[in-house]
Amino acid sequence: MPAVHKLLLEDALQDSPQSRSLLSVFEEDAGTLTDYTNQLLQSMQRVYGAQNEMALATEQLSKQLLEYEKQNFTLGKEDEEVISTLQHFAKAVEELNSLHAELATQMADRMVFPMVQFREKDLTEISTLKEIFGIASDEHEASMVKYSRLPKKRENEKVKAEIVTEVAYTRRKQHQASMQYYCALNALQYRKRVAMLEPMLGYTQAQMSFFKKGMDLVSKKMDSFLTSVSSMSQSIQAQLDSEAESMRLSQRELLSVEDTVYMPDRDRDPVNRTLIQKAGYLNIRNKTGLVTTAWDRLYFFTQGGNLMCQPRGAVAGGMVLDLDNSSVMAVECEDRRYCFQITSPSGKTSIILQAESKKEYEEWICTLNNISRQIYLTDNPEAVAIRLNQTAIQAVTPITSFEKRLEGSPHPDRAKPGSALPSTDTAQKAPQNSEPEDLIAPGTPIQFDIMLPASEFLDQNRAGGRRTNPFGETDEDCSPDTDDPLLQQVFVVRFLGSMAVRAGHTQEVIYEAMRQVLAARAIHNIFRTTESHLMVTSSCLRLIDPQTQVTRISFQLRDVSQFAAHQENGRLMGFVVEGQDWGEGTEDGDPTFSAFVFESNTEGEKICYTISLGKEIIEAKKDPAALAQLMKSMPLTNDGKFLLLDSETGGAENGAGQEELESEA
């Protein structure tokens, strides 16, 4: 006998759209079988009841048997043996259409009754199990909606425990119902064959047993055929018994797992950060009005560089977003947990998704970040992802406080408050070799924040706003009152990290610092950043708190030795600041360099252009004629400032309440 299609019990718990799609095929097949069974049974009952129209009834039965081949069973494409057997029976019925009506009793016992039993027992069981499965699925969906609405900060442990228990109960109930439903549908593929063959076998045997006299010629032709049909039916029944036992053992094994399997957010396996493809259910936020939103639970999966979504019942998934060069960041959304946002490279398209557990949340973010780097295009993407992850872990040592940074810094004295910054007349030449270890020392600590200690912030307020920043730079020469009125441009930026570097006059050191900072954030799941205003003037760079208008850090523009925007991600930019290490035994101090990496709301090239213009103004101030020529070549505002870009602070002030954002990098 050919192989029989069946539903896998192992897929019952996941309940994926692929399983649902395959289940719909089985359900459609069962519906077709039900329709055909009713038609065949009607034909048999007509044979039994129409004693006076025996010839016509048997002729109709013969035709109906031939219709089995035309039923177009989706799962019965290889059912050639049953089709050929029924065709043979149809011919036999046509030859026996003149038999007497006295066979009605035996026809009722051996032909009509098995088919009635198949319809009332097997097909009715399928219908009942389908209703139970539908109810269990609806209850599970309702419990998942309750669980997804659990608040993150104000959750009640008792309520959470009740909802988690309800989710586990409904999920287990759905699992049991689906496995029973799957088993019944699988068994139906065997019972269908037996139900089609047994009635006709009984019908033909009854005809021969009562009318053997005068039918010797016919019986000699039919004996071997009936024997083979009987053997085939017994073989199918044996396969059914074996498959039923196998499904029973599988069902027992799958139900013997711990209850934590049914509970969300109870993953024991570690987070895999090297995935390049992933699939699973996520909640997606959709707008339902101008200010209203709704969350839908859909099945998402990655395919190449695309994020796909497949609703239940759909044959295939559709593309949601192109992930190449996209950015992924964690977000706070409507008091829901485990939310993250995917933004296209242009920034015009973004979606917000919610994962079911913390492990799924972290794996989705890591996987989407891996795909956005186009690792999947390499010959061995799995190995590349593992190597990048290991390299990033070995290459960076993240430190998230100023105190730890000063302890681990190769030049801790340069960060002391009040240290002066010399000019860049003795600028160091860039190294000829651009190897990473020549640009940045291995194991260099990384600073991820620019946050003042509480005591320093209070002292600063008492002192009237003057402060000493933790990097060792002072605001004496870069106060708001002394800013050059010729150039004053503000950009909205988010500080990603800073670190000491060995060279300060090459753009490669900025690119390497960006790589290490982003790698460290990805490895250690540091997604939160603080939004600031970067003010560029012709004398200094100032990083200002948008809420308090306090200068967090400032640099003399003459000390900025190099600046550049990322070659691929235009929102990333960085610059190198030159200082001096006043160590013992040195009169002038050794030059030191620190790289700072930012993410902006605009193109990093615009910030770099503004810094470049500021340096041009510094040089032009040395020659009044050159300054006048520069002012003629650049458009000015009504108050005499250089007209560069529209201010970005208007949109930022509206959202100033959100101190901590998540980096798209």
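Using the three backbone atoms N, Cα and C, a Cβ is placed for every residue, glycine included.
Annotated features in TrEMBL:
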{"type": "DOMAIN", "residues": "275-373", "note": "domain 'PH'"}
{"type": "COMPBIAS", "residues": "402-416", "note": "compositional bias 'Basic and acidic residues'"}
{"type": "REGION", "residues": "402-442", "note": "region 'Disordered'"}
{"type": "COMPBIAS", "residues": "421-434", "note": "compositional bias 'Polar residues'"}
{"type": "REGION", "residues": "461-483", "note": "region 'Disordered'"}
{"type": "COMPBIAS", "residues": "473-483", "note": "compositional bias 'Acidic residues'"}
{"type": "DOMAIN", "residues": "491-561", "note": "domain 'PID'"}
{"type": "REGION", "residues": "646-665", "note": "region 'Disordered'"}
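Across the domain 'PID' (491-561), the model assigns an average pLDDT of 86. Assigned with DSSP, the residues of the domain 'PH' (275-373) fall into helix, strand and coil as follows: 15 helix, 46 strand, 38 coil. Taking DSSP states H, G and I as helix and E and B as strand, the domain 'PID' (491-561) has 20 helix, 34 strand, 17 coil.
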